[in-house]
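Peer 1: Pasting the relevant annotations from TrEMBL:
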- 29-63: repeat 'PPR' (REPEAT)
- 64-99: repeat 'PPR' (REPEAT)
- 100-134: repeat 'PPR' (REPEAT)
- 135-169: repeat 'PPR' (REPEAT)
- 170-204: repeat 'PPR' (REPEAT)
- 205-239: repeat 'PPR' (REPEAT)
- 275-309: repeat 'PPR' (REPEAT)
- 310-344: repeat 'PPR' (REPEAT)
- 345-379: repeat 'PPR' (REPEAT)
- 450-484: repeat 'PPR' (REPEAT)
- 520-554: repeat 'PPR' (REPEAT)
- 590-624: repeat 'PPR' (REPEAT)
Amino acid sequence: MIRILGRESQHTIASKLFDLIPVEQYSLDVRAYTTVLHAYARTGKHKRAIELFEKMNEFGLGPTLVTYNVMLDVYGKMGRSWSRILELLDEMRSKGLEFDEFTCSTVISACGREGMLDEARKFFAELKLKGYKPGTVTYNSMLQVFGKAGVYTEALSILKEMEDNNCPADSVTYNELAATYVRAGFLDQGKAVIDTMTSKGVMPNAITYTTVIDAYGKAGREDEALRLFSQMKDLGCAPNVYTYNSVLAMLGKKSRTEDVIKVLSEMKLSGCAPNRATWNTMLAVCSEEGKHSYVNRVLREMKNCGFEPDKDTFNTLISAYARCGSEVDSAKMYGEMIKAGFTPCVTTYNSLLNALARLGNWKAAESVIIDMRSKGFKPNETSYSLLLHCYSKAGNVKGIEAIEKEIYEGHVFPSWILLRTLVLSNHKCRHVKGMERAFDQLQKYGYKPDLVVINSMLSMFSRNKMFSKAHEMMHFIHENGLQPNLFTYNCLMDLYVREDECWKAEEILKGIQNSGPEPDAVSYNTVIKGFCRKGLMQEAIRVLSEMTTKGIQPTVVSYNTFLSGYAGMQLFDEAIEVIRFMIEHNCRPNELTYKIVVDGYCKAGKHEQAMDFVSKIKEIDISFDDRSVKRLDSCIRERMGSVL
């Protein structure tokens, strides 16, 4: 029975069967025990595997090299077991067993999972000192360790060493190289690996394409990702379930529901059966604010299809319910996960951090990090990134600076993901110095800043009137071959407006109207603001007219901008006409609308007119609430008091 199940790779059936049949009571040989251990390892039943391995030793059965390799894999996947791995390696040496490629690659992969870069370096160096010549599999494991951590320079040096030692690269090598590039922000170089493989006679496979497609999707470059997806199919490389899962996640994130349904249909027609990860992806995709009932429906459907939640499902559910705004369900899923016998891992803690990051609850997030460490887990770049998001959501600059210190002092590796998150977190808190430091570090380590980072820098410099630095960012975009998007152009228009160059701002608007991304309300409002600031109200009205002709409805911001212009020029009758126009065209004024006019009167020293204006607001706007009227009244009285 064990031989048949092992030969057919029926690990799930084997692990369930031997939970019922007490194999310890039978006189099995080492090979049979090793097969059962392998089944437990593949199905994540690590504790059961360890118990059985200890029984083997009690029975006096000497583990073989394969048995030890399986157990190294068990401890590696279980996590927090480096000391036990070292003990097993010592046992193997004492019994005269020589390490093979599987031994070495398994140990190195265990380091990669835990982010233990120094341990991986040390183990690899000791192997070579003892005369071991690494093969392709071992080198690939080293590439994965440093690629996964985002240390692309060291990953590239491993590839060079591999070439120098005439060790042939295979598809796995190139796949790891592509993954290394994309993790460091070099997406186009990652895509170029596909051409390199072809030129070397190594055919790109579904993993190669999926790695790059997934990276493009996560970078918001979904059109390029979908082009590569089509290219893959045209060249006869059949997408696998992981490719489909990446495309589904990307489309779901952009709320492209119809495209999600099309891809799901294509997946079924191609005979590619959805796996547990597909269902986990769908759980993540359907989780939006206030839509936890959708998550419940997908979970029911998943169970109906024979998939019981596993650890990854629980991790996904913790995050999914958090995105739906249901923290109670997130906590409930964590409890159910423990009840189901699954041990929390780094991913579980990261799911909890993700939930807290959405709330900006940094105190609870710090407690999660402390709990991780107390249980022997090492926070990874995702953990620190989520903690940074938590701090930025709450505007906690000191928290961001504490993580900065750990990174810059070398306690946490400065990966592309972490430095990028530092830029964005500082941007969210409007902390220019912190943002500049992180951007300098990105360049220092040779990482490639993406457009999101550049746009954030451009926006911050523009807002703070750091005009020369803002222009440097525009130069950086063109120099690095990045394609500006609408946000970039809107930032550039805002920059010109702040420099009192309203005509240049309109030139940019005209440029994108002709050959760029479609302008939005922000684009037009920015140019309107430029003309209003200069008192060129007729030009501002012209741009507003163009805006409505294009089918873009003016917003409260549009009208408030006009009010600021008129109030600044003490044209209060015109300002009041704008408010009447807003109400007639179903654009409800907000408190700021009226405050702009009140501030205009007060700056002109016309406090009585301001009081008169406030007393008549309810005549103009019946829906305006009384509390807001009282606040405006108090504001005028305070201003009058300060003048007296």
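Cβ from N, Cα, C; glycine included.
All annotation found in TrEMBL is predicted automatically rather than curated by experts.
As the structure is a computational prediction, the values presented were derived from the model and not from experiment.
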Peer 1: So are the repeat 'PPR' (345-379) and the repeat 'PPR' (64-99) touching or not, going by 3+ C-beta pairs under 8 A with a sequence gap of 6 or more?
Peer 2: yes
Peer 1: Could you count the residues of the repeat 'PPR' (100-134) that DSSP puts in helix, in strand and in coil?
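Peer 2: Across the repeat 'PPR' (100-134), the residues distribute as 27 helix, 0 strand, 8 coil.
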Peer 1: Is the repeat 'PPR' (450-484) packed against any residues at least 6 beyond its ends, judged by a Cβ distance under 8 Å, and which are they?
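Peer 2: Residues 185, 187, 219-220, 420, 423-424, 427, 430, 432, 435, 439, 442, 491-492, 494-495, 498-499, 516.
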